[in-house]
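S.K.: Okay, so Swiss-Prot annotates it like this:
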SIGNAL    1-17  signal peptide
DISULFID  C135-C178  disulfide bond
SITE      S138  site 'Ancestral active site'
DISULFID  C169-C211  disulfide bond
DISULFID  C269-C322  disulfide bond
ACT_SITE  H276  active site
ACT_SITE  N300  active site
Amino acid sequence: MIAVLFLAILCLEVDSTAPTPDPSLDVEWNEWRTKHGKTYNMNEERLKRAVWEKNFKMIELHNWEYLEGRHDFTMAMNAFGDLTNIEFVKMMTGFQRQKIKKTHIFQDHQFLYVPKRVDWRQLGYVTPVKNQGHCASSWAFSATGSLEGQMFRKTERLIPLSEQNLLDCMGSNVTHGCSGGFMQYAFQYVKDNGGLATEESYPYRGQGRECRYHAENSAANVRDFVQIPGSEEALMKAVAKVGPISVAVDASHGSFQFYGSGIYYEPQCKRVHLNHAVLVVGYGFEGEESDGNSFWLVKNSWGEEWGMKGYMKLAKDWSNHCGIATYSTYPIV
């Protein structure tokens, strides 16, 4: 059913009389298909090829403009090459902000000094990059990432936690599983449930199933959670003093879909209407510290092929770019 829906959307965005394939791109197209194991029927291939060519040429144009100094980041073809932007956003994001329950508020005024650079990966707080697959479950990966970091702070043991446990067991009244969710509700579930399973004991499947949680496989707990005021200054202090922080961003753009490297800045990015959850694991700047070269170090959940081995540098101190500070939270363990 989902595949049929996506194909219908694709047909709306790419006319059924798709243009004749560009023969000069035959080699690139076939290499890309082989690399990602893509197979299509005859009608579908024509549509998918048209989408892929459109994306390929968009990436090439952007990178020429990058060489001319018009952008600070590159784009790169990846596994999402045959997805329209509408398909991509529906399939690969998953943040749905809901009513915020009463919670603690981060007291950023308590911290007067923060370092100029932070990277929690170097201190052992961050698990390897994961892949949510074709499931809009970014909220679950963002939540487990922050919880993994806080459990490491407490126990000095870095244990990957189970996103599938969240997908299967939270209930449809608080999450929509592969159709989106909310990190704070994930923390509330772990608190109420008394634990969260390890990834090893409850591996990721990328679709909702019957809950199979067993308390003996739990490796984390939550006592409460904290909301961070919606400013980059408060977020910076939280990242510096607490550890990896769950945040949401606007990932609606082709430039985000095919981000390659460098400091990401998208003029059309919104500070509200956020749709994708990620994990801020640090911040810093490129070259000499100056205006315009600061970034947030963001861990995504689209595998290591995307971006900088699964990470992004997102523009920092640019009026809350892409809404990175609009909604941010972390658990108390």
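Any Cβ shown, glycine's included, is placed from N, Cα and C.
Relative to the rest of the structure, where do these features sit?
M.R.: Of all Cβ atoms in the protein chains displayed, 23 besides its own lie within 10 Å of the Cβ of C135 (disulfide bond).
Counting only same-chain residues six or more apart in sequence, the Cβ atoms lying under 8 angstroms from the Cβ of S138 (site 'Ancestral active site') belong to M92, T93, G94, F95, Q132, H276, A277, V278, S301.
The number of other Cβ atoms within 10 Å of the Cβ belonging to C169 (disulfide bond), over all protein chains shown, comes to 21. Under DSSP, C169 (disulfide bond) is assigned to a helix (H, G or I) in the three-state scheme.
Counting every protein chain shown, 23 other Cβ atoms lie within 10 Å of the Cβ of C269 (disulfide bond). DSSP gives C269 (disulfide bond) a coil state; it is part of no helix or strand.
A simple way to gauge crowding: the CB of H276 (active site) has 26 other CB atoms within 10 angstroms, across all the protein chains here.
Packing around N300 (active site) is summarised by its Cβ count: 28 other Cβ atoms lie within 10 angstroms of its Cβ, all protein chains included.
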S.K.: In whole Å, note down how far the CA of C322 (disulfide bond) lies from the CA of N300 (active site).
M.R.: 14
S.K.: Take the C-alpha atoms of C178 (disulfide bond) and C169 (disulfide bond) and report the distance between them in angstrom, rounded.
M.R.: 13
S.K.: Count, for each of the disulfide-bonded residues C178, C322, the other C-beta atoms lying within 10 angstroms of its own C-beta, and report the residue with the smallest count.
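M.R.: Each of the disulfide-bonded residues C178, C322 was scored by Cβ atoms within 10 Å; lowest is C178.
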S.K.: Consider the disulfide-bonded residues C135, C169, C211 and say which one has the Cα lying nearest the Cα of C322 (disulfide bond).
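M.R.: So, of the listed disulfide-bonded residues, the one sitting closest to C322 (disulfide bond) is C135.
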S.K.: Out of C135, C169, C211, point to the one nearest C269 (disulfide bond) in space (Cα versus Cα); all of them are disulfide-bonded residues in the record.
M.R.: C135
S.K.: If I restrict to non-local contacts, at least six residues apart, and a C-beta distance under 8 angstroms, what lies near C211 (disulfide bond) in its own chain?
M.R.: N165, D168, C169
